[in-house]
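Visitor: Below are the features listed in TrEMBL for this protein:
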ACT_SITE  Asp104  active site
ACT_SITE  Asp336  active site
DOMAIN    86-467  domain 'Peptidase A1'
SIGNAL    1-22  signal peptide
Amino acid sequence: MSSRVLCFVSLLLCIFPAIAFALHLPLTLTHFDANDPSRDPYQILSYLASSSLARAHHLKNPQITATATRNATATTPLFSHSYGGYSISLSFGTPPQILPFVMDTGSDFVWFPCTHRYVCKNCSFSPSSDQNVTIPSFIPKLSSSSRLVGCRNPKCSWVHHTNKTQCDECRNSLTPQNCTQACPPYFLLYGTGTTAGVALSETLNLGDRTVSNFLVGCSIFSSRQPAGIAGFGRGLPSLPTQLKLHKFSYCLISRRFDDSPSSSTLILDSTSDLDRKTNGLIYTPFIKNPIVRGKEAFQVYYYVGLRKITVGGRRVKVPRKFLSPGKNGNGGTIVDSGSTFTFMAREIFEPLAVEFVKQVKNYSRAREVEVLTGLRPCFDVKDMGKPVELPELRLHFKGGAEIALPLENYFAVVGEGVACLTVVTDGGVGGGKAVVGHSGPAIVLGSFQMQNYYVEYDLRNQRLGLKPQL
C-alpha cells in the first residue's frame, strides 16, 4: 500500500503549480428500500450491521499512520444514503468546486477525492454491488488557491496528530527555515475503509463567507469510501474547529428517505450567545475525554454521560465501569454520526437483549433472520392484525436528560414482517470470538437511533442538546 501511495503522490506533485457566522446546509440521508425487489433486505441489514461493528472496532482501537463577511448562521442540506451515512455538500477552491462529504462526528479530518487520477476500490453506494462507481473529484490545477501544505507548517502536525512529523529534508538542512519539503502523505483508516493522500491549504466557500487557508486532505487513493469525509470531531483539523464554531446542529431524517432528494438541515453557528439554550431542547453535558497514550483519537470523540438504560420501564443491569470512561480509555458513551447502528459492549448488550426477549411474549423469535442479518433478537410480527407493539427503549443521561426512542429508531422491519433490534455487539450472533474487546468506548450511539431527532452540539458550553422532531 505504501509504495502505491507514494506513486500516487509523485504523480500528484506534478499537478500543482509552484508551490460570527452560522451556515445552514442540506443534510442528505443514505437510504435502503426494503420494497425494492432488486435489493435483498436481509443482505442490506447484514451489511449495515457488519459495517457498524467494523466502525465500532475502529473507534475503540483507532489507528492513524501517518477573511470575509460573517452572517449569523449558515446552513446546508443533509441527505441520507443506503450505505448508512448522511452527506452534505461543500464548496472548495477558486473558482468553487462543489463535492459531497459524509458528515462524521467520530473523526476530525476533512478530505475529498482529488485529481483526475483518483482511484477508489469497492466504493459503490450500494452495499449489494461490487462495481466501482464514478465519484466526483476535486481538481487542484483548476483552483488558483490550491497549495500543498509544507512540512514546517504547523498544520502538518494536525494531519498526523504529532509534533514529530518526518521532515528529513528540513531536519538535515543547513537552513531548515528555508525548507520546502511538503507535509508527508497521510493514510487513514475508517473501520471498513481507508484513504491516502496529501494535505492542501485551500479556500472553503460557505455562502457569502470565504475561509482561506483551510486545511483539507487531497486523497488520491481510497477503499470503501462513497464520498469524501467532513470530520466534525473535537480535533484541530476538524471543520467546527477550523471555522471556530460555537455550535452546530442537525436533524437526521428518517431512513425511509435514503438516496432520495429529501433532506434536512445542518446548521453551523459561530455567533451564539454564551449561555443561551435553544427552546425545547433537553441538555446533557459532554464528559471529559480520556487522555491515553497511543489512543489520541479518543480525544476527538463526543463523550456523554449515559446513566442507565431501561426497557419497558425496567432498568437494564449494566456494570457501572462500562458507563464512564476510565483512565485507560475503556468505557463510556460517545455519539457518532458515522456509525449506523448503535454498538454496545457485550456486557451491556446481553442483558439488554435478554430484557427484550423476556418482555416480548406476543411474538415468536425469528432465529433464521438473526443468522441472515447478524442482528438479534428478531421477532416475527406479521399477521397479527394490529400495530406492532414492542417494549420502549429509553436512555437516561446525566443532567436529567432522557429520550424514549421511537420504535422505528431501534427496531427495523425486514422481509415479510420480521422486526430486528438494530444494536450490534462483538462476537456476532450466537456468541463467537470477540472482535472488538473491552478497549475504548463501551457504547457508540449511531445515527439510526437518532433519526428524527434535533441534535445540537453546543461546543461553547460543552453540552449536547436533544429534541424529538414530529
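Each residue's number is its place along the chain shown, starting with 1.
A Cβ is built for glycine as well, from the same backbone N, Cα and C atoms used for every other residue.
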Visitor: Looking only at C-alpha atoms, tell me how far Asp336 (active site) is from Asp104 (active site), rounded to the nearest Å.
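Guide: For Asp336 (active site) versus Asp104 (active site), the Cα atoms are 7 Å apart.
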Visitor: Name, in the order they occur in the sequence, the residues of the same chain whose CB lies under 8 A from the CB of Asp104 (active site) and which sit 6 or more residues away.
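Guide: Expected: Gly85, Ile229, Ala230, Gly231, Phe232, Gly233, Asp336, Ser337, Gly338.
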Visitor: Need one number: mean pLDDT over the domain 'Peptidase A1' (86-467).
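Guide: Here the mean pLDDT over the domain 'Peptidase A1' (86-467) amounts to 88.
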Visitor: Is it possible to get the count of other C-beta atoms within 10 angstroms of the C-beta of Asp336 (active site)?
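Guide: I get 27 for this one.
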